[in-house]
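Only one structure is covered here, and it is reproduced in the block below.
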Amino acid sequence: MVRFWGMTKLTVPIMVYSVEQGLADAAKAAEAGADLVEFRIDHFGEWEAGASGVGMLVEGSALPCIVTCRPVWEGGEYDGDEMERVSALEHVLESGGAGPAYIDFELLGWEKSANIRQKVKLAIEHEGQVRGVETGLVLSSHDFRGRPGDLLRRVEKMVEVDACRVIKVAWAAKSLRDNLEAFEIIEKRWKPTIALCMGEYGLASRVLAKKFGALLTFAVLSNQEGTAPGQPTVEDLKGLYRWDRLGKKTKVYGVVGYPVGHSMSPQIHNAGFDAVDYDGVYLPMPVAPEYEAFKATVGTWLDYQSLDFKGASVTIPHKANLLRFVEEEGGEVEELSRTIGAANTLVVREDGSLYACNTDYAAALDCVCEKMAIKREGLNGKRIAVLGAGGVARAIVAGYTAYGAEVVVFNRTVQKAEALAKEFGCEAKGMDEASTFKGDLIINCTPMGMHPNEGETPLAGYAFEMGMVVFDTIYNPLETQLLKDAKAAGCVTVSGGEMFVKQAAGQFEAWTGKDAPLDVFAKELKKYLGL
């Protein structure tokens, strides 16, 4: 008999509206590299072939399959008679043909009726099961509202049912911490287990199912809706998240922020791991804005040893929270990060201690110094205009003044410019005075010119001097109107894309100890921007 226990199966759920469509999607799943399909036969009553079509699906499937008819009361779409639903499952199990690898039946439905239990059990244990695959029973429980209070009791009930070969629990995650309980349930190894968290916060449970030895994870075909919230596509799971290379020892990283759904960091860092053959995976990690949420989430992820959480990029609104957290945990904070009041990188060292640093200012220094063919110390005495007085400007002013540059901060709200300038011992002026600036370098830290307002520039009509360096921290578009104007005047230009690649490289090297593949990062950035 073929057993599906050992290697975690990438499973494509298929809502079947006709036998032909179901078989076509199963073929697409096989072509995409899936191991298993789940035929959701919720609409079998609407098929031309009726319940007999279920057998046709199983017989003709390009992959081994699970057969599920999920009722409305468990989050599915079947709203017919309960006994008809059971009869449809009986039909395929007693047909004598090739059987499904599993049928999925809800714990709640199993407990409702002794008659139903008997029918399902008899069908699975039918003496006529002389097949290449012995059909096993998945008992499942789903809660689309959140973690059920009796979650562990539900699992215990499944363990206690002799006929149950596979435990499946899924619930709507309210935070990243929910994933840890899913991993814990899998690691108990009571029986082959599927434990998944649904929604935005549950992606880790789906991607890392293989690391923890779950029976399977679900991923949908591209351009198709999933059967539960938060299911990634097969393309993303195998490509972006490196499914085929994940294992028990894979190290976990992520981007912590709120929101993080549109971050390109997973694309950049996972491609980097692939390029240097590093056993890591990088995930989006949405964490609510409050410090308490940051501390609880990052703290529990660090404490869960088998997760191997080894570091993170940290973005808005948590850069200050990272400093506070690492200091409270007795870790080391880079001195200039403390001065800036923000860090963007968490590193877990070999001894388990924590280190927080800021690769934003370092990247802003180095990409300019490369264009000027100088070392950082060569910035001493250079006259620099910084446009803006927000978080990015603060990191850049701190970095450049630390190396002796003479910085002038220009901002629409002069009071903000004055507050920033006073802290770092530099000048402050209103943005309307920027047109009179004479110096070596201009750095734009405002959003003017960012997509979709590509035609805007903070220095309309400015008389650029040939040889001046102009740096725009915006990376979408890569060449802003400011940079176009500067280039036309014979200036040396530096794009925000160059800074982004350098700051990502600093993080990558701090985590892996390997040189970052800068060409790969640049290629992924352009791909993300559709270039």
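Note: Cβ is positioned from N, Cα and C throughout, glycine not excepted.
Since the structure is predicted, the reported quantities are computational estimates derived from the model, not experimental observations.
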Taking TrEMBL at its word that SER263, MET264, SER265, THR315, ASN344, ASP360, TYR475 bind shikimate, choose the one of GLN224, GLN231, GLN503 listed for that site. GLN503
May I ask you to find which of THR436, THR473, THR480 TrEMBL records for the NADP(+) site already listed with GLU335, GLY388, ALA389, GLY390, GLY391, VAL392, ASN411, ARG412, THR413, VAL414, GLN415, LYS416, GLY496? THR473
Which one is it: of the recorded positions MET264, SER265, THR315, LYS319, ASP360, whose Cα lies the shortest distance from the Cα of THR473 (NADP(+) binding site)? ASP360
Smallest number of other CB atoms within 10 Å: among the binding-site residues MET264, ALA389, that is MET264
Here the binding-site residues are GLN415, THR473, GLN503; the one whose Cβ sees the most other Cβ atoms within 10 Å is THR473
In the same chain, which residues outside the set SER263, MET264, SER265, THR315, ASN344, ASP360, TYR475, GLN503 have their CB within 8 A of the centroid of the CB atoms that define the shikimate site? VAL255, SER313, PHE500, ALA504
Take the Cβ of THR315 (shikimate binding site) and count every other Cβ within 10 Å, whichever protein chain it belongs to. 18
Which whole-number value in Å describes the distance between the Cα atoms of ASN344 (shikimate binding site) and GLN415 (NADP(+) binding site)? 26
As a whole number of Å, the Cα atom of ASP360 (shikimate binding site) is distant from the Cα atom of GLY391 (NADP(+) binding site) by 10
